[in-house]
Amino acid sequence: MAKFNVTQKLKRTKIKERKRATQGDPETRKLKVKEQPTSLSGKRKRKLFKKWRKEQKDALQKGLISLEDVEMAVAEGSSEDTGTTSQEKSKKSPIKFHVKKGGKLRIRKLKRKGRDTSNNSKKISSEPASTSSVDAMDRDSMTRGTANEVLSALSLPHPENPTRKQEAATEIHLPLFTFYRARSGNRPSEIPGELLRVLTWGKMKTLPAFVVALCLLSALRVSADGSNHKYKEGDHVPLYANKVGPFHNPSETYRYYDLPFCTPEHVKEKREDLGEVLNGDRLVSAPYQLNFRVDRQSETLCQKTLSREEVAKLRDAVSKDYYFQMYYDDLPFWGFIGKVDKENKLDSSEFKYLLFKHIHFDILYNNDRVIEINVQTDPNLAADITEDKEVVVELSYSVKWKETDIPFEKRMEKYSKSSSMPQHLEIHWFSIINSCVTVLLLTGFLATILMRVLKNDFIKYSHDEESLDDQEETGWKYIHGDVFRFPKYKSLFCAVLGSGTQLLALAIFIFLLALVGVFYPYNRGALFTALVVIYALTSGIAGYTATSMYLQLEGTNWVRNLLLTGCLFCGPLFLTFCFLNTVAIAYSATAALPFGTILVILLIWTLVTSPLLVLGGIAGKNSKAEFQAPCRTTKYPREIPPLPWYRGTIPQMAMAGFLPFSAIYIELYYIFASVWGHKIYTIYSILFIVFIILIIVTAFITVALTYFQLAVEDHEWWWRSVLCGGSTGVFIFGYCLYYYYARSDMSGFMQTSFFFGYMACICYGFFLMLGTVGFRASLLFVRHIYRSIKCE
């Protein structure tokens with residue numbers, strides 16, 4: 001009964017609500033929901049128009065727009081498009097106010113009901129704009145061209161040729177004017193005509209207008225900062241000072257203004273991407289004024305009084321051969337800040353330290369583009385800073401512009417000429433020929449072995465008797481029950497394969513980008529950005545390879561294996577980075593990464609690398625692939641006979657790493673001179689050929705050593721193939737020691753720690769990558785030879 005009463009009560013409540021909605025509230029007799037009006041009264045129209053007039057008046061008072069700008073834009077629209085006067089326009093059809101959904105209104109034509117527009121607003125002249133106004137609006141021909149391209153690309157009608165006739169009164173888009181003034185700092189009268197006409201186009205919808213204006217503003221900003229590399233005479237060309245540091249220590253660099261140079265009033269720092277920050281670039285505005293095609297003769301930069309501490313700092317910098325690096329229109333150039341005069345002096349205490357006071361710039365141009373820049377210092381104009389005393393220095397510079405016929409597209413070839421000179425090319429090709437001969441010898445050697453093995457197999461199974469020599473040569477046949485026994489430490493083994501496969505994919509993608517010309521000389525930070533991004537995107541390959549192989553080897557805890565795979569290479573690299581970044585912070589060097597950059601890298605690792613690694617692991621788990629073994633594994637392992645010392649792991653690794661290293665050591669010198677020096681390496685095609693040869697030689701030599709190991713009935717070849725393949729990384733680290741002490745002049749704790757720290761990580765990566773190549777090649781070979789015999 002209680003349930004029935006509750007149901008009846010709810011029913012009565014619903015009926016009462018329905019009546020109240022249709023007939024109104026019984027007490028107030030007012031409807032709960034009212035319908036929106038479909039039209040506007042005259043009073044409402046006048047109220048809206050009065051509100052609009054107030055907004056326009058406030059805008060004029062605040063200086064957001066000027067009345068001349070409104071008149072100029074409207075006069076052009078009226079005179080060019082229709083040729084009608086404002087009085088004729090005012091006699092057109094009455095105004096219609098459109099009501100949108102949601103109750104929002106948009107006024108299409110701004111008039112009072114039953115009145116002429118000329119009584120409500122400033123009377124607009126139908127005569128063409130004056131010559132001065134036209135000149136002011138035609139001041140930016142390039143901007144007008146950009147606007148035309150943007151409008152045509154967006155498939156929008158041009159403001160000067162609208163599809164419908166323009167209104168008599170034009171509404172200025174105030175938010176866009178405010179936005180443009182905030183970005184450019186221009187007065188409304190200085191706004192280019194094309195942009196003004198877009199902003200004052202009344203019939204244009206709000207969203208397309210905003211998009212077009214943003215595109216135009218972006219184009220204007222781009223043309224203003226010189227990124228299109230086109231200039232007129234007297235235009236400002238961007239000049240940025242990058243860093244200073246010892247010439248022989250490329251990693252030990254400091255900010256330009258860490259030394260007591262002339263500092264401009266407002267030092268502007270250039271925003272840099274991730275790769276530039278990782279490269280140690282810190283670009284700031286330079287104090288020199290190198291305007292386009294403006295010669296200068298002994299222009300005084302500043303007169304500076306150097307204190308005793310500053311003199312000592314500069315003297316120490318000169319003694320270490322400090323250089324500075326700058327970028328002029330994205331063209332790099334270098335110069336020394338001083339020199340040590342050692343002429344006819346043996347004792348270092350008698351050396352004379354000179355600081356260059358004058359710098360001369362030689363700049364080549366072609367039409368409206370900068371092609372080349374060179375800097376020269378005059379030893380005759382130098383200040384003596386040998387003694388610890390205050391020195392008054394007047395710093396100056398001069399600029400000389402010269403015309404050249406070198407096209408803009410070839411202005412970067414100057415920096416790559418040194419690596420493609422004939423004598424260097426001969427050395428590179430000699431290295432490739434040497435490597436190819438090594439590959440051919442190994443190929444012939446392995447083909448001979450394989451043919452002999454197959455021949456002996458046919459002899460054995462066609463005859464019952466075998467000689468003793470044949471038993472020694474074919475001893476690998478007697479371990480067919482142990483050769484596919486899974487290795488120890490399966491989780492670590494699969495993590496090595498996963499990380500090595502990822503690094504191999506990373507190297508291939510980097511070479512592809514280099515071959516298509518992405519890493520041209522001094523494309524600041526492009527290589528570091530590509531390394532970070534591609535490594536993050538290829539982490540799924542590591543997860544899939546490691547998990548799939550781990551499950552094939554009958555592993556159970558694939559989640560732990562996945563975590564080990566993710567940390568196997570990143571873990572040592574992160575620890576090395578933390579130590580080296582701490583050293584750089586102690587030295588106040590530009591190699592110290594800011595906190596924001598470290599946070600970005602951690603976010604990339606957390607939000608991109610880790611999820612892709614997990615997805616790859618899940619895909620590998622779901623693949624459910626089984627390990628393909630031609631022979632059945634016995635229950636108990638066969639005992640390995642005693643072996644001579646040269647059959648051990650270390651001697652085998654030494655033999656395995658020597659041949660691949662001999663194929664690449666000539667190229668290693670040029671790579672080291674580029675990474676840890678100031679030379680430029682641009683012959684990526686030859687480097688790619690050498691890399692392919694390295695992969696082939698590593699695979700062949702590992703297969704050969706695996707065959708010799710199996711021939712003496714040693715069936716533990718899994719880890720041996722990885723160690724022999726990756727032993728080339730150990731040889732590369734040995735070459736690092738030789739290069740540091742014999743071929744370079746690097747010194748100091750910071751440079752030494754950076755060199756050996758990062759080279760240890762790179763050699764470790766080579767170990768993982770080439771170890772994976774060696775195992776994969778050995779696995780294919782072992783499967784092939786055991787398929788050719790009958791396993792009992």
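Using N, Cα and C of the backbone, Cβ positions are placed for all residues, glycine too.
Annotations in TrEMBL come from automatic prediction, not curation.
Here the compositional bias 'Basic residues' (9-19) has no long-range neighbours, meaning no same-chain residue at least 6 beyond its ends has a C-beta under 8 angstroms from one of its own. Per TrEMBL, compositional bias 'Basic residues' is recorded for 9-19 (among others).
Look at TrEMBL and you will find 20-35 tagged as compositional bias 'Basic and acidic residues'.
Positions annotated as compositional bias 'Basic residues' by TrEMBL: 92-114 (among others).
Feature annotation from TrEMBL assigns compositional bias 'Polar residues' to 117-134.
For 1-50 (among others), the entry in TrEMBL reads region 'Disordered'.
Taken from TrEMBL, the feature region 'Disordered' covers 76-138 (among others).
Taken from TrEMBL, the feature transmembrane segment applies to 427-450 (among others).
Annotated transmembrane segment per TrEMBL: 492-520 (among others), in sequence order.
Tertiary neighbourhood of the transmembrane segment (526-551): same-chain residues 273-275, 278-279, 490-491, 494-495, 497-499, 501-502, 505-506, 509-510, 513, 518-519, 558, 561-562, 565-566, 601, 604-605, 608-610, 612-621, 623-625, selected by CB-CB distance under 8 Å and a gap of 6+ residues from either end. Here TrEMBL flags 526-551 (among others) as transmembrane segment.
Residues annotated as transmembrane segment in TrEMBL: 563-587 (among others).
Non-local neighbours of the transmembrane segment (593-615) in the same chain are 274, 277-278, 532-533, 535-537, 539-540, 542-543, 562, 565-566, 570, 581, 584; each lies 6+ residues outside the stretch with a CB under 8 Å from one of its CB atoms. According to TrEMBL, the feature transmembrane segment maps to 593-615 (among others).
Listed by sequence, the residues of this chain that lie at least six past the ends of the transmembrane segment (653-672) yet keep a Cβ under 8 A from its Cβ atoms are 419, 424, 427-428, 430-431, 434-435, 438-439, 442, 679, 681, 686-687, 690, 693-694, 697-698, 701-702, 705, 723-725, 727-732, 735, 739, 743-744, 770, 774. TrEMBL lists 653-672 (among others) with the feature transmembrane segment.
Taken from TrEMBL, the feature transmembrane segment covers 684-705 (among others).
Annotation comment: TrEMBL describes 717-741 (among others) as transmembrane segment.
Under the heading transmembrane segment, TrEMBL lists 753-782 (among others). Residues 251-252, 483-484, 496-497, 499-501, 503-504, 507, 568-569, 572-573, 576, 579-580, 583-584, 591, 656, 660, 676, 694-695, 698-700, 702-703, 706-707, 710, 717-718, 721-730, 732-733, 736, 740, 746 of the same chain lie 6 or more positions beyond the ends of the transmembrane segment (753-782) yet place their CB under 8 Å from a CB of it.
DSSP labels the residues of the compositional bias 'Basic residues' (9-19) in these numbers: 11 helix, 0 strand, 0 coil.
Long-range neighbours of the transmembrane segment (563-587) within the same chain, counting only residues 6 or more positions beyond its ends whose Cβ lies under 8 Å from a Cβ of the stretch, are 252, 491-492, 494-496, 498-499, 502-503, 539, 542-543, 546-547, 593, 598, 605, 609-610, 613, 617, 749-750, 753-754, 757-758, 760-761, 764-765, 768. With a threshold of 8 Å between CB atoms, the same-chain residues lying at least 6 positions outside the transmembrane segment (427-450) that come near it are 659, 662-664, 666-667, 670, 683, 686, 689-690, 693-694, 696-697, 700-701, 703-704, 707, 785.
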